[in-house]
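Q: These came from TrEMBL, pasted as-is:
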- 12-35: transmembrane segment (TRANSMEM)
- 15-291: domain 'ABC transmembrane type-1' (DOMAIN)
- 55-80: transmembrane segment (TRANSMEM)
- 125-144: transmembrane segment (TRANSMEM)
- 150-168: transmembrane segment (TRANSMEM)
- 241-260: transmembrane segment (TRANSMEM)
- 266-290: transmembrane segment (TRANSMEM)
- 323-546: domain 'ABC transporter' (DOMAIN)
Amino acid sequence: MELLRLVYRQYRWPFLTVILLSLASAALGIGLIAFINRQLIEAVSPTLQVLPGFIGLLILLMAVTLASQLALTVLGHHFVCRLRGQLIKRILDTGLERLRQIGPAQLQASLASDIRTITMAFVRLPELVQGIILTFGCAAYLAWLSPRMMLVTALWVALTIWGGYWLVSRVYRHFSRVREEENRLHEDYQRVIDGCKELSLNRDRARQLYEQDFQRHADDYRHHIIRADTYHLSAINWSNIMMLGAIGAVFFMANSLGWADNAVAATYSLILLFLRTPLLQAVGAFPTLVSAQVAFDKLRQLRLVDYQAGFSSAPAPGQWQTLTLRDVCFRYDDGGFEVGPINLTLRRGELVFLIGGNGSGKSTLAMLLTGLYTPVSGELTLDDRPVPLEQYQTLFSAVFTDFHLFDRLMGPQGGAPDASLVSDWLDRLNMRQKLHITEQRILNLSLSQGQRKRVALLLAVAEQRDILLLDEWAADQDPQFRRVFYQVLLPQLRAKGKTVIAISHDDHYFEQADRLLEMRAGALVELVGDARREASRDAVARISLAEVNAAENRSLIQ
């Protein structure tokens, strides 16, 4: 399996040590059986002198077996911890476009279910390894005792293994379907949690979600998990019955066919009884390894970027003056909406408003500006020179409409924030009495949406980056603070030399902007003169018209 090969490549010497310990454990187990056969079964009248050796072998077998199983378990947990860390790092390094294609439900399922499944496999892996090694070791000892009986016993055990493999292959098939249904259930969970308000208001929608989506996916999950467990239990019971049948076959060969005496038959039976538990555990552990391989395959199918250790720290570009988008175009992978070609030059210290109807491309342009989306053509330059993406992105702080609110304040280059700056902006944002900050960590984030946006702005300002992008930041503010935002806070940021790009629908405050840009069906235009005055008087009407035009253009394209 690819999973085990990966463990071997990453932990070669610990893995080989575990194998050697497992071999030693198997050898001691066989040696203990041989000791019992010679000293207790074949001996006419065993004496107390054999007890120290017998007890010593028992203790040594327990110690070596425990050491081999514990070593393999620790190795597995180290591997899973490393795998989890690499998965998180790969998610952090993967571009936003790919992460949105995967979707949060599948990412959460991978981080939760898949990692947990792989962990459980390594918990059971010692049982599988122990069972396999003991089986081969005991087979060699049985062949030495009676080759003919060993041949029949081997055929019997081979039939047992073949039947178990056939059953386990069905377990593998149904576990694959279980994993697919888990993804769908995670999507249902997310809809239920994120849409709880809408579902509370519209019980018809709630019933539809429950009955047509969740219930169907839950039933499919139940069907396949029951089938998987049925085949799993059948495999265990098949192995159990066949091993007991093997003991009967051994005594038949010894007593009826005369292939061996009772002492050899007793030794055979003792070994088969000794093998019964490890072999059953191995059969029971194999499906967990199978499901772990399914989970590992799911992780590979995410198609995240390759793992790179560490985080590169790009230096800030310095005293730049202009940022230019030249013939920048972007289209989504589904072949739908397109943006561009965009030609735009932003100057340092400008206050720029970006307006446009819903679906006009404002948010896509914001993603292109910040380097979160990669253009299909065109280029972004700083002072007419190309800049590496990591260095380019050090220019930006942003508060998006779907922002995530972190609880730790951070200054330039990841250092501590300027305490006086934070204190000043706590007052400007009217949040001093609302927030409790200890060692740069915000302790209380149970706030209204408008207050959460203020905290997000505080975090962005504390980073002290040159360009601040605010996506409809004022939408959740009360009228009084909205006025403060446009007439006081934005001019203060501009006075500090910050370039501010504000996506806005607030036509009452358009006159505050140095420049007014508008997105229309994926195209960018700058409003000047009469067009700007008209937009300031009636932006709502213009935006509604743009939405109608965009809808007509999309229908023509389709």
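Glycine too: its Cβ is placed from the backbone N, Cα and C atoms.
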Q: At a threshold of under 8 Å on Cβ distances, which of 150-168, 241-260, 266-290 pairs most often with the transmembrane segment (12-35)?
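A: Between the stretches 150-168, 241-260, 266-290, 266-290 has the largest tally.
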Q: How about the transmembrane segment (125-144) and the transmembrane segment (266-290): at least 3 CB pairs under 8 Å, pairs 6 or more apart in sequence, or not?
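A: Taking Cβ pairs at least 6 residues apart, the transmembrane segment (266-290) and the transmembrane segment (125-144) are in contact, with 3 or more under 8 Å.
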Q: Please report, as numbers and ranges, the same-chain residues at least 6 past the borders of the transmembrane segment (150-168) whose CB is under 8 Å from any CB of it.
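A: 135, 139, 142-143, 231-232, 234-235, 238-239, 242-243, 245-246, 249-250, 253, 268, 272, 283, 286-287, 290.
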Q: Near the transmembrane segment (55-80), which same-chain residues lie under 8 Å Cβ to Cβ, leaving out any that are not at least 6 residues past its ends?
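A: Same-chain contacts beyond the flanks: 6-7, 10-11, 14-15, 17-18, 21-22, 24-25, 28-29, 31-32, 35, 115, 118-119, 121-123, 125-127, 129-130.
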Q: Could you pull out which residues elsewhere in the chain have a CB under 8 Å from any CB of the transmembrane segment (266-290), counting only those six or more residues past its ends?
A: 1, 3, 29, 33, 36-37, 41, 117, 120-121, 123-125, 127-128, 130-132, 134-135, 138, 141-142, 145-146, 149, 153, 164, 168, 171-172, 175, 228, 232, 235-236, 239-240, 243-244, 246-247, 250-251, 254, 260
Q: On average, what pLDDT score does this prediction assign to the domain 'ABC transporter' (323-546)?
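A: In the predicted model, the domain 'ABC transporter' (323-546) has a mean pLDDT of 86.
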